[in-house]
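**Student:** Below you will find the structure I want to go over with you.
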């Protein structure tokens, strides 16, 4: 969710955040999204014309689907495991692609980083102290779905992981210069130095090709990490740094990981290598990673590299040495780097302690130890669930000992902590190794189980099950029975209380803009997942382009689920973000106490939910004394809805309808009004003077079956009512000028000053995809939004406007990324126009997706694979 300025946030938006806060003591980052995502089949992904389809769309790296058909809830491989390498470099015939020339040199990235830094430094911050200590904590491959699943695994979607409580959040763009999907070597280099490089390389710029030993020696392409900067701080220009005091003078450093200490992420702190896999063996003339840790420029730094804890004993020991479990070392040079490390400390009259077990680590005398080196496994350390906790320390225990060691140093420290086994587990597609109450229900439902971009000539999908068994929504299954949710979540009071608690937290933060918003524009990218945004940036020409809303000063992530479904639909999310109250899958404007399709329960006013549209329209009838400090900002605001879906579809209907079934758009059981009827005659939709703009598709829901449109399509209403005529009649009865339009020209020619109400229906059902629309006849989302603002800004008390880019979602449902990405570009342009038409001094713009979607970018497709440079 992106917000253009300060305002009280919707109660539903419990922030689930990625935290990138370089000036704070603790800094957490996700290095990349792993190749496989919960309940999603992934591989090379995007439905666009590609130069070399066999190469790009047929290689099934990480092509696995979690949680279906396998008794261990692991995966169904699309191809045999022998043909399913984890990394492209595992393929002996693989040739690394090149990347853009300007991205090969570190100066480009340093300049880009400085520009971003200057932007950030101009923001107000709660804590403006200079950080003496920095801890960078990496959840390797810890994707947003992983965080969401972890919260559920811990017992409640609303539990907060420790780092989700931090005050700052952001998202980073993770890719290698030559690969669209990054590995931990190029991301490790990037987040520790600010410089992107090639897939598989460490501490060298993208000018160094993978496995090129001679290029590795060129100092012009060497990259210094934050570890080098911290260690060498006392040798820099002291006068230039004097205003920092001693905070930068020769800091201590340390690395903690539950992988091999020579693995990609920890190695990014100290190594320069043209190949991340040169851990214990490298070509003649190049030092391997382990050797660089013991004798390299950063790893051997006297007084400052104080803590090294992790796995990977084999990379430091020769093949002639055997560990306690009978495993031999991997070094073929007959060197024992552990002994060399101990010897180097003795030569410098320092006390270096080497440990191999949990007890040895916990019993280390911190005050009497200058250097601590621990290797606890032959290779990676054990998974937390499988580890022998009496012998092997946990990541938490290693981190605690590291801090105890490092905080002794008066000038401070920099510590890198990595939890990589998240990623390793995903690569083998083991998702949640826990007992599940109803495995068939949880792990076997194949909704949207499809894989983009492989084997299909249209680059669309390979269905796991026949289409008839692969419904887009569970409600498409006639035999489907909606599950129940937790009792306490069925009632709106729970959500209102939860929202108020979150609101109070937010209000205690300092904000750049503390004005009261007179106008609010809520812009929804339906199904616009983070991978969709990433792919759109590439589609627009460059991963580093910023979508309009990505420039907003505030960002966060929301937890999107229905009370009774882990994966949400647009009805329950629409209700949630417009009211702050979660409800059941498929229901609109009623609490979770109303079961799906239960007409009688829908009538119970105790379970009715009012949206921000109702609050805005009724503001002048509330307790004026209680609201007096807001002035006229809440007095009877105008409202409007713009969408490129049917205007009765789930998201727009959330603004004005109460329905036990989102599909009751033009027909409902006796005694319940359908959605279209509620828009024309309901409590919110018919509100005199305030529901001023309705623009979208869905003519069929308002017209009877006896009426035919210009294209020969009939209406869907079986009650013989023409709601369009009834809308026009109601405006005439109230001496108001209501204008109804059906084409782009009619819309653009509307006399705003002479029009009180504007109603536009431009298609029989949903409006056309941006890429396929006849732009001479059908207005764009941008054009509809512009006209809506022109209409609404006439009202002196302000307005609330909902704008939805709903076809992003529809294209993803059909697995047509080629259509979804232009929709996202159109959405970006719409937000840009809304910004230009409004003033942030009195207008709050909130941009968010209502939920994510099935598309992921996986499998290491080459860099810039979508760079089509369409006209935008």
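Cβ from N, Cα, C; glycine included.
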**Student:** Starting from the Zn(2+) binding annotation in TrEMBL that includes 809, 813, 850, 851, which of 526, 542, 569 is the extra site residue?
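**Tutor:** Candidate in the recorded Zn(2+) site: 526.
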**Student:** Spatial neighbours of residue 851 (Zn(2+) binding site) among the binding-site residues 526, 649, 651, 804, defined as Cα within 10 A: which are they?
**Tutor:** 526
**Student:** Report the residues of the chain - excluding 526, 809, 813, 850, 851 - with C-beta within 8 Å of the mean position of the site's C-beta atoms, for the recorded Zn(2+) site, in sequence order.
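**Tutor:** Close Cβ neighbours, site residues excluded: 527, 528, 569, 570, 573, 651, 806, 808, 812, 849, 853.
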**Student:** Under 8 Å between C-beta atoms and at least six apart in sequence, can you list the same-chain neighbours of residue 850 (Zn(2+) binding site), or say none if there are none?
**Tutor:** 524, 525, 526, 527, 560, 568, 570, 573, 574, 577, 651
**Student:** Residue 809 (Zn(2+) binding site) to residue 649 (Mg(2+) binding site): how many Å between their Cα atoms?
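**Tutor:** It is 12 Å, counting Cα to Cα.
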**Student:** Quick one: of 649, 813, 851, which of the binding-site residues has the smallest count of other CB atoms within 10 A?
**Tutor:** 813
**Student:** Check residue 851 (Zn(2+) binding site) against DSSP and tell me helix, strand or coil, would you?
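**Tutor:** The residue in question, residue 851 (Zn(2+) binding site), is coil (DSSP, three-state).
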**Student:** What's the CA-CA gap between residue 649 (Mg(2+) binding site) and residue 813 (Zn(2+) binding site) in angstrom, rounded?
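**Tutor:** Computed Cα spacing between residue 649 (Mg(2+) binding site) and residue 813 (Zn(2+) binding site) is 15 Å.
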